[in-house]
Amino acid sequence: MLLEGREMDCIGNTMQKKAAELERLAEVLVTGEQLRLRLHEAKVIKDRRHHLRTYPNCFVAKELIDWLIEHKEASDRDTAIKIIQKLLDKSIIHHVCDEHREFKDLKLFYRFRKDDGTFPLDSEAKVFMRGQRIYEKLMNTENTLLQTREEENGTFERALVAAEFIDWLLQEGEMATREEAVQLGRRLLEHGIIQHVTYEHHFVDGPLLYQFRMNFRRRRRLIELLHERSRSIPESHDSPFCLRKQNSDGGNTSFLSVSPTKEIKVVVGVRRSSMSSSCSSSGYYSSSPTLGSSPPVLCNPKSVLKRQVSPEELQTPGGLFVKKTVTIVGDAVGWGFVVRGSKPCHIQAVDPGGPAAAAGMKVCHFVVSVNGQNVLSQDYRTVSSLILTGARTIVMEVMEEA
């Protein structure tokens, strides 16, 4: 009997280690892909010539290190080298002639393997890349799959019905048969990309509800590659709203919508995707902490509003508030604002460098409608769900003081 218990412990430990390995692989793959897209957008990746030969879609090591430091992704050149070496070790990038196995602070050309078709797609990597594509496809297309649904007397946000998900996979040409779609769903669950809402069932074709456990849109800080720790809390539904920059000088800006006070809770070693569970339900939380191991994350539950305003006051003709329409196109990170409050909701914080700020969104704006749906009588959770389950481009009507 004792031997059987030890065998069970061994099996359990093996499964936990495998899950941790898969999670680390997923984080590296997603982080690398986010960096690749950013570097293409910044024109750091481009065709380059050397000795009368053109090397397409590559970057210069020294220039990348400069870019990482400039964009606060690394505090110094040694840290930047260590970060990119992680990507090289995982075969996400490589030297264009495969002559250097170490990332060097020199004028050497490197390239993302995804840009030249040499990425070694083992079974795990294929599942994660497939899961990411499906996730983005669901988020960017008009569909009703992800909704607030009920199962076993519980309510679950952004949940999908397994049978409807399979129908969608077939309709989109992702899979050819229902049997293949079920197998894909099982692989996504086994790799921690989706989960049953109460963790009681594997993926089966039927009325059971499932949610995406992994938020591919959460902006990963590259420094996270150097801190291998497992996620202990499922990713928050609010995470696409997390602000992406921390004010380095601690000053009072539109990003830090309230001044630090003794009300602030300091949470050490918690990733930003877990912050909503550590904060008050009406709290403010920021992401992308300053560089360093186990950085503190500030969380302030205090509202930015000087006083509460009723929907009736907002809509009073000739009153103190005027209506404004903002169109926000989300990027790979999200939309760059935090919505809080209830009846009506308000904008608690805005990332100065994010899409919302560029569209004209400001702190203390009151939310009237989202994509044509009036939300004056809704709370922030409902408004968040509307945005998260919609398309990447959102049209919001807000009220601001005249």
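Keep in mind that glycine also has a Cβ here, set from the backbone N, Cα and C atoms.
As given in TrEMBL:
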type   : residues : note
DOMAIN : 31-114   : domain 'DEP'
DOMAIN : 140-214  : domain 'DEP'
DOMAIN : 325-402  : domain 'PDZ'
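When DSSP labels each residue, the domain 'DEP' (31-114) comes out as 36 helix, 20 strand, 28 coil, counted as helix, strand and coil in that order. When DSSP labels each residue, the domain 'PDZ' (325-402) comes out as 14 helix, 34 strand, 30 coil, counted as helix, strand and coil in that order. Residue counts for the domain 'DEP' (140-214) under DSSP, split into helix (H, G, I), strand (E, B) and coil, are 24 helix, 20 strand, 31 coil. In the predicted model, residues of the domain 'PDZ' (325-402) average a pLDDT of 85.
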